Amino acid sequence: MDTASNDSQDSWNRDTGFGANDRRFAFSRRTSSKQWQEPPHTPIPINSDDSAKPLLSRNMSSINIPPGSYFASESNKFYSVKDKSSDKLSVLSLAFTILENVRSGNRYMKRLFLMISLNVLYTTAELAIGLLTGRIGLVSDAFHLTFGCGLLTFSLFAIAASRSKPDHVFTYGYKRLEVLAAFTNALFLLFLSFSLAVEALHAFIQDESEHKHYLIFSAVTNLMVNLIGVWFFRSYARLNLVYRKAEDMNYHSICLHVLADSIRSAGLILASWFLSLGVQNAEVLCLGLVSVAVFMIVMPLFRATSGVLLQMAPPSIPTSALSKCWRQISSREDILEVTQARFWELVPGQVVASLTLTTKKGSDNRQTLDFVHGMYHELGIQDMTVQTEDA
């Protein structure tokens, strides 16, 4: 009987792609002689009602989960097909949720909502004037500002959504949405820098500077609107800002967004003024300087946000400190090997780590775990998972 069961188990492993030593699904067990003599046991429910079925029902070789359990109800809650009426109301309910969070949020959320409203009004007016007068430059600038308003709206949504509590789908919560919003803003500003460089090169080749004087009024108005945004987020106007929370990245990206638009508008105004004085290639020079300035102020934010999203080693902890902890753990007599040491930032200020230890057989793992956790907690790593394996 044992030989037949082992053959069937090996056949199942070959069909599913798991080796004989794979422990990922090591839940089956052999039946002992005592199990053949005694009836199977089931977990006793907390309540005294005998009619209530236990959550788990165990037999000789498997664990059966009855239908209608917690996991089924929760999966239906999140993954079931919704009605058409609920789909129609989803966008409206989301908008009301954001407005409610803005009303009950901090001053930066309210300032961001006001700035988005001003940009939407200005962009709508510029687009209407451009369509009525046939000015392609105004229409193009209006579409550029529309895309920027969309990114600022996404930043507002990230701030509102990050206040939600973790659930069984997003077990770490929604804080990383703010890091994603900051990364998106930084990527847009890098694209803006590249487009300004291309525009400067095009102006140098075609020499079409004299045909763009009608954009000066638009640049002055846009500069005034963006300066209001810079004043709103002046606390985050520093270039190399130390990010202590996820919202610091998001607010910093918003400030750099409106600051880059302000620099762009100021560059167009200066270019027009120099052209009126008879300076040759003034637009090429101004747009080139603006492109370099936007690139320089955005790159630190782009590196920081991409490092968090790519789960790089936390910059707040020196690499030498992590190496020192590694050496101290490896020098213990009961530890044979330290493998799969991973350290990353979930969001700025929250470092997550995982570690796998190969220990001697029969050693006290409790003391080892206390030693490892205490050592890394001194470095500021509170969310840490340590797995021990016997040699």
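Just so it is clear, glycine is given a Cβ too, placed from its N, Cα and C backbone atoms.
TrEMBL lists 1-11 with the feature compositional bias 'Polar residues'.
Taken from TrEMBL, the feature domain 'Cation efflux protein transmembrane' covers 112-310.
The region 'Disordered' annotation in TrEMBL covers 1-50.
Annotation source TrEMBL lists transmembrane segment at 112-136 (among others).
The feature transmembrane segment is assigned by TrEMBL to 142-161 (among others). Sequence-distant neighbours of the transmembrane segment (142-161) (same chain, 6+ residues past either end, Cβ-Cβ under 8 Å): 97-98, 101-102, 105, 108-109, 112-113, 115-116, 119-120, 122-123, 126-127, 130, 174, 177-178, 180-182, 184-185, 188, 222, 247, 250, 253-254, 257, 261.
Proximity of distant same-chain residues to the transmembrane segment (182-202), defined by a Cβ-Cβ separation under 8 Å and at least 6 residues beyond the stretch ends, is recorded for 147-148, 151, 154-155, 208, 249-250, 252-254, 256-257, 260, 264, 267, 283-284, 287-288, 290-292, 294-295, 298-299, 301-302, 305-306, 309. As annotated by TrEMBL, transmembrane segment applies to 182-202 (among others).
Feature annotation from TrEMBL assigns transmembrane segment to 214-233 (among others).
Annotation comment: TrEMBL describes 254-276 (among others) as transmembrane segment.
Long-range Cβ contacts of the transmembrane segment (282-302) within its own chain (Cβ-Cβ under 8 Å, at least 6 residues beyond either end) map to 182-183, 185-187, 189-190, 192-194, 196-197, 199-201, 203-204, 209, 212, 239-240, 249, 252-253, 256, 259-260, 263-264, 266-268, 270-271, 274-275. If you look up TrEMBL, you'll see 282-302 (among others) marked as transmembrane segment.
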